[in-house]
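Undergrad: Here's a structure for you.
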Amino acid sequence: MTEGKASPDTEPASARSMAWGPRLGWDRGALARRVTALPRPVKWALIGLVVVLLYALPLLEIPIVSTPDTDFGGVLFTVASYVLVALGLNIVLGYAGLLDLGYVGFYAIGAYTVAVLGSLQAQLSWWLLIPLAVVLTTISGILLGAPTLRVRGDYLAIVTLGFGEIIRLTALNTEWLGAAKGITGVPRPPSVELFEVPHLKWEGATAVVDLDDTTRFLFFGVADQTPYYWLTLTVIFLVLGADRMLRLSRIGRGWEATREDEDAAELMGVPTFKFKLLAFACGAFIGGLSGALFASRQGFINPESFLLLLSILFVAAVVVGGAGNRWGVILGAVVVAYLPERFRGFEEWRLLVFGLALLLLANFRPQGLIPPRRAKRAQAVDEQLEALEEGTARA
Amino acid sequence: MPSTSVSEQPVTRNGAALLSLDDVSIQFGGLKALDGVSFDVREGEILGLIGPNGAGKTTCFNVMTGVYQPTSGEVRFAGEPLGRRKRFAITRLGIARTFQNIRLFGNMTALENVLVGADAHHRTNVIDALVRSPRHRREEREGEETAREVMKFLGLERRADELARNLSYGEQRRLEIARAMATKPRLLCLDEPAAGFNPAEKAQLMDLIRRIRDVRGLTVLLIEHDMGLVMGVSDRVAVLEFGRKIAEGAPVDVRNDPAVIAAYLGTEADDAGEFDQEGDL
Ligand SMILES: Nc1ncnc2c1ncn2[C@@H]1O[C@H](COP(=O)(O)OP(=O)(O)OP(=O)(O)O)[C@@H](O)[C@H]1O
Ligand SMILES: [Mg+2]
């Protein structure tokens with residue numbers, strides 16, 4: 001909220017931003033601008049191409065990109081799960097500005113709902129389990145948010161941090177929830193086997209269709225995890241659509257205003273508490289959904305799957321990419337999830353490299369890899385002003 | 001107590017009290033920031049609220065907009081006690097304000113800032129937004145119309161897509177007024193809108209405040225340190241000192257009131273107000 005402040009004794013600021021104002025060219029990234037400038041059919045064709053490519057990714061077996069040591073479909077599923085989680089957390093952290101350090105708690109509730117009601121205590125159908133998981137997680141989000149969203153900033157971080165751990169410890173200490181030994185036989189999504197899709201095989205620079213290596217469409221098994229990736233990718237597209245709709249509405253504006261200056265927002269008619277709770281519920285919804293998908297892919301969960309570290313990684317994904325920008329957080333999730341999988345050979349070095357990368361990022365790109373266009377534009381203006389100030393100081 | 005429901009705006013005759021402070025006191029620890037203050041803002045008038053630094057002017061705004069609950073006394077808007085209404089509910093009722101220290105949504109565009117104000121009366125919920133319901137589309141359209149119209153009124157239409165934090169200081173002050181006006185208030189409260197302005201800008205602001213009342217039909221409550229401005233534009237003036245109201249009346253009378261002269265003697269409030277920018281709201 002201090003950002004917006006201009007004190008009267010820095011009067012020249014007006015003249016300066018006036019001079020630079022009309023020439024602003026940094027409203028969007030160069031790439032995004034070029035894409036928006038394209039004619040409609042071309043744009044849709046491009047988007048279609050990217051979508052097809054994303055679905056085909058596990059089949060292409062692209063050298064270097066594909067992971068040599070692990071099933072690439074499985075890696076892609078992990079990456080997609082992180083992307084989904086990051087999109088959910090972005091609503092809470094990026095849009096509404098609420099530091100939630102216990103997001104793994106929602107992920108766990110989603111996963112445990114599917115596992116407990118699908119295997120351990122009941123054998124409900126998968127089609128029933130997923131909506132049930134989402135509903136229960138959303139409710140838990142509201143129950144957590146209702147008392148805690150009245151406190152601000154640091155307190156919220158501490159309370160949510162505790163929440164994440166409490167969920168894990170509850171699971172660990174409750175026989176009914178499988179305790180330490182966890183839950184096996186979590187139901188998988190029902191399969192419908194229609195046809196087989198062959199993968200590619202690369203011989204040098206040429207690709208040949210490898211009829212020995214195929215993925216059964218749509219068989220949700222143990223070995224080949226590509227179908228789970230397709231499922232999650234589809235969910236991501238749906239969530240992206242919903243995210244965009246909310247963003248471009250009274251609700252998205254309300255979230256942003258609350259993040260910028262909660263008191264001012266409230267005094268301009270935004271019911272900030274309700275909106276924060278809503279952001280929390282939306283975040284929980286998506287977190288629970290990804291947890292449920294995770295459990296039904298894994299087939300087995302135990303409390304170890306929901307360590308605090310995971311929460312930290314989720315926040316890292318959002319912050320690394322650029323909180324508040326959905327494309328940024330997608331990139332952040334890909335970086336956080338994919339790189340460690342790709343370089344599994346260097347297992348012991350993973351966390352060290354990750355820490356170093358975060359350190360560098362915090363220093364050189366504190367706004368994230370792809371910050372929201374706003375932050376970027378504002379920063380560009382700041383830099384211009386600084387340059388200008390230096391100029392006048394020397395003159 | 002009148003039995004009118006909360007949602008419908010009670011009717012007031014022209015010149016009747018739109019907002020009344022009735023013996024309002026508020027205590028911060030040992031400090032009585034407001035001490036039995038009573039005054040009315042009459043429908044359709046421009047009321048100036050003046051007083052030396054720390055007199056309790058901004059605190060009055062905070063009590064009127066629900067930021068603070070008075071320790072004793074009552075605030076009534078159009079005859080209805082504000083009671084423990086939430087801040088956003090008071091805004092919807094028809095009181096809008098600006099801030100002594102500019103408090104815009106810096107990383108949102110100027111237009112979006114004003115849209116947030118226009119959203120005050122909107123009801124779009126998650127489902128509406130997700131399926132782009134007729135209500136959502138109508139409210140988006142109306143909101144944008146309102147916002148652009150208000151921005152035009154304040155001469156900000158060409159800055160619509162600029163980030164609020166990148167606007168000039170004067171534009172930011174006007175954007176705050178635009179945002180408040182977009183909530184469609186009946187009473188507009190301006191907290192030192194001329195702070196940091198040069199004489200030419202002050203003259204423009206005076207003109208603007210008059211147009212807000214004459215063209216838009218809003219009642220205006222104005223906190224201002226610049227005597228020329230506040231005496232020139234106000235129909236009536238109320239004076240606070242140490243949390244007490246020491247005078248109220250037409251500008252000429254207030255200016256010659258011995259108590260007011262004593263309060264201001266040697267304080268040079270004109271200058272002081274421009275550099276003292278502390279305080280929360
Ligand atoms: N939240 C608070 N807690 C404690 N004291 C407060 C609080 N808000 C205001 N005060 C005190 O109440 C008194 C009146 O403050 P207020 O901001 O209303 O003055 P003002 O008339 O607006 O002055 P200025 O012209 O400097 O803006 C001051 O002494 C101030 O320090
Ligand atoms: Mg003040």
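Glycine is no exception: its Cβ is also placed from the backbone N, Cα and C atoms.
Grabbed the feature section from TrEMBL, which reads as follows:
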{"type": "TRANSMEM", "residues": "A:42-60", "note": "transmembrane segment"}
{"type": "TRANSMEM", "residues": "A:72-94", "note": "transmembrane segment"}
{"type": "TRANSMEM", "residues": "A:101-120", "note": "transmembrane segment"}
{"type": "TRANSMEM", "residues": "A:126-146", "note": "transmembrane segment"}
{"type": "TRANSMEM", "residues": "A:228-246", "note": "transmembrane segment"}
{"type": "TRANSMEM", "residues": "A:277-294", "note": "transmembrane segment"}
{"type": "TRANSMEM", "residues": "A:306-339", "note": "transmembrane segment"}
{"type": "TRANSMEM", "residues": "A:351-370", "note": "transmembrane segment"}
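Just tell me what is around each of these and how deep it sits.
TA: Long-range Cβ contacts of the transmembrane segment (A:126-146) within its own chain (Cβ-Cβ under 8 Å, at least 6 residues beyond either end) map to 105-106, 109-111, 113-114, 117-118, 159-160, 163, 187-190, 276-277, 280-281, 283-285, 287-289, 291-293, 296.
Nonlocal intrachain contacts for the transmembrane segment (A:306-339), taken as residues 6+ away from its ends with a CB within less than 8 angstroms of a stretch CB, comprise 75, 78-79, 81-83, 85-87, 89-90, 93-95, 99-105, 107-108, 111, 161, 164-165, 167-168, 171, 240, 243-244, 247, 354, 358, 361, 367-375.
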Undergrad: Which of A:72-94, A:277-294, A:351-370 shares the most C-beta pairs under 8 angstroms with the transmembrane segment (A:101-120)?
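TA: Highest pair count goes to A:277-294.
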Undergrad: Mind checking which residues of the chain, 6+ beyond the ends of the transmembrane segment (A:228-246), have their Cβ under 8 Å from one of its Cβ atoms?
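TA: Long-range Cβ neighbours of the transmembrane segment (A:228-246): 51, 54-55, 57-58, 73, 76-77, 80-81, 83-84, 87-88, 90-91, 189, 218, 220, 252, 282, 286, 289-290, 293, 297, 326.
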